[in-house]
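S.K.: There's a structure below that I have some questions on.
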């Protein structure tokens with residue numbers, strides 16, 4: 001009776017934790033992080049170009065490299081949280097680093113001796129005469145920037161996973177809430193980003209960059225404090241060992257057993273048949289793809305097993321471990337086919353901001369900061385996300401029977417189509433902007449063109465809709481398809497799509513410049529051929545969508561074995 005009483009007490013304690021209440025803390029922290037990150041994503045190119053005197057192309061590439069590094073380092077954060085620390089501890093430890101990074105940038109922006117004299121108001125024709133930042137000033141700049149990138153990247157996967165851990169996938173009611181979790185995650189990211197491009201960008205433009213970076217540092221410090229306040233409500237998922245080690249064991253074992261024939265009866269492959277799975281791992285059904293990896297689960301006979309390590313983890317793996325490796329390999333083509341969309345999105349945070357600077361940003365007597373223009377499509381996102389989650393998904397679910405309405409891969413594909421359309425629209429708008437500059441003889445003028453900045457809104461709205469489909473679809477897809485021991489790694493793989501998209505952006509800009517003879521070589525957009533660049537992005541996006549269709553048709557969804565309780 002005492003044992004039963006203790007079990008019931010533990011169940012009540014578990015039920016009192018997690019759920020929507022616990023995710024509210026995660027939503028708030030994610031929103032603050034997005035507020036800070038988004039404001040700098042759209043304004044750092046202006047700081048690099050106008051205050052640190054880097055060229056326009058170098059400024060754009062520096063920002064995309066910074067953002068790419070932040071998203072790529074989410075893989076490191078995922079490895080740490082899946083292997084050593086809980087999601088909560090990893091989020092707190094890495095969350096401290098951006099606080100220090102923004103504080104360092106605030107000090108540099110405040111002390112004039114730590115930066116060159118800004119030439120933001122120098123005429124376009126004399127931009128090349130500006131004094132460049134010296135090596136010491138650049139060391140401080142990039143030291144602060146990449147301290148931010150390292151911390152921000154380390155937080156991304158464990159923080160999102162911490163929120164997803166608050167819902168039990170095996171509970172039908174909580175599983176439905178988990179499906180909505182990723183939609184509302186983007187909702188709060190959008191709110192945070194919107195506040196960032198309104199208030200933090202305004203602070204940078206009107207109070208100074210030292211104030212802007214200082215507020216970012218304080219805000220992230222408060223976010224860490226807020227995350228710790230919710231620790232009593234969280235459900236904690238203990239690390240289950242390194243998924244990279246398990247994957248490596250499968251690859252090594254499959255190579256060692258490469259000469260062994262696969263058994264005709266697949267039941268002869270090694271698997272845990274009774275009791276609880278090791279480390280709480282899932283038991284997965286075997287799939288027919290990538291059959292060469294099944295050799296890692298071939299038990300050796302007594303004669304073959306003469307060596308002491310014949311049954312070790314590097315010689316014999318379970319079929320579930322093999323399937324976990326197959327899942328990761330099948331995910332890679334999906335990630336590769338979504339990278340280019342993020343290359344397109346990177347342009348809207350760099351070159352598009354520079355376009356806005358050249359256009360008429362007045363509403364009456366109020367001048368809209370160029371970096372705050374993205375708030376318009378973000379407002380559109382705030383309307384579309386609840387409509388998608390509360391109207392579209394339940395309606396479509398009635399016909400498809402799928403909890404998320406449509407398959408995640410279908411959702412991702414819709415976003416890829418919209419990204420191609422947005423680049424075509426961007427090209428048309430840029431052609432119109434340049435024609436206005438020529439018509440009014442303002443090609444070399446620093447004055448705003450007589451063309452409303454709201455022309456830019458069209459491409460922003462379309463790419464925002466693409467983000468709702470693709471980004472949320474990727475997060476949902478990789479969390480659902482990952483095993484319980486690699487949830488953070490799965491989410492980090494989805495974030496890495498953004499990372500490689502930003503890196504590809506810098507490479508793509510350099511390649512286009514070289515092949516075209518300098519479409520983007522000037523520091524004057526009115527003389528550059530940015531419209532041609534956008535058209536090339538649209539064309540490659542169409543080809544990329546064709547590649548995605550091939551990858552998505554090849555993918556097979558995970559098939560877990562039913563809970564053992566169902567067989568009792």
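Cβ atoms here come from the backbone N, Cα and C positions, even for glycine.
Just lifted these from TrEMBL, have a look:
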{"type": "TRANSMEM", "residues": "24-46", "note": "transmembrane segment"}
{"type": "TRANSMEM", "residues": "66-85", "note": "transmembrane segment"}
{"type": "TRANSMEM", "residues": "92-111", "note": "transmembrane segment"}
{"type": "TRANSMEM", "residues": "139-160", "note": "transmembrane segment"}
{"type": "TRANSMEM", "residues": "181-203", "note": "transmembrane segment"}
{"type": "TRANSMEM", "residues": "209-230", "note": "transmembrane segment"}
{"type": "TRANSMEM", "residues": "368-388", "note": "transmembrane segment"}
{"type": "TRANSMEM", "residues": "449-477", "note": "transmembrane segment"}
{"type": "TRANSMEM", "residues": "489-512", "note": "transmembrane segment"}
{"type": "TRANSMEM", "residues": "532-555", "note": "transmembrane segment"}
S.K.: Given a Cβ distance threshold of under 8 angstroms, which distant residues of the chain, six or more beyond its ends, lie next to the transmembrane segment (139-160)?
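M.R.: The answer is 26, 29-30, 33, 37, 40, 44, 52, 62, 66-67, 69-78, 80-81, 87-88, 90-91, 93-102, 104-105, 108, 114-115, 133, 185, 227, 475, 488-489, 491-492, 495.
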S.K.: Which range wins on Cβ pairs under 8 Å with the transmembrane segment (24-46): 66-85, 181-203, 209-230, 532-555?
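M.R.: If we count Cβ pairs closer than 8 Å to the transmembrane segment (24-46), 181-203 scores highest.
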S.K.: So which of 66-85, 209-230, 489-512 has the most C-beta pairs under 8 Å when paired with the transmembrane segment (532-555)?
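M.R.: Of the candidates 66-85, 209-230, 489-512, 489-512 scores highest.
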S.K.: Are there at least 3 C-beta pairs under 8 angstroms linking the transmembrane segment (489-512) and the transmembrane segment (66-85), leaving out pairs fewer than 6 apart in sequence?
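M.R.: Contact between the transmembrane segment (66-85) and the transmembrane segment (489-512): present.
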S.K.: Looking only at residues six or more beyond either end of the transmembrane segment (489-512), which have a C-beta under 8 A from one in the stretch?
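M.R.: The answer is 57, 60-61, 64-65, 67-75, 77-79, 82, 153, 156-157, 160-161, 164, 243-244, 328, 331, 335, 338-347, 350, 471, 474-475, 477-479, 481-482, 519-520, 533, 536-537.
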S.K.: Under a Cβ pair cut-off of under 8 Å, which of the recorded stretches 181-203, 209-230, 368-388, 449-477 contacts the transmembrane segment (92-111) most often?
M.R.: 209-230
S.K.: Give the nonlocal contacts of the transmembrane segment (368-388) in its own chain as ranges (CB under 8 Å, at least six residues past its ends).
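M.R.: Same-chain contacts beyond the ends: 38-39, 42-43, 46, 183-184, 186-187, 190-191, 193-194, 197-198, 201-202, 204-205, 348-349, 352-354, 356-357, 361-362, 453-454, 456-457, 460-461, 463-465, 467-468.
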S.K.: Can you tell me which parts of the same chain pack against the transmembrane segment (209-230), counting only residues 6+ beyond its ends and a CB-CB cutoff under 8 A?
M.R.: 22, 24-26, 28-29, 32-33, 35-36, 39-40, 43, 47, 51, 88, 91-92, 95-96, 98-100, 102-103, 105-107, 109-110, 159, 200-201, 203
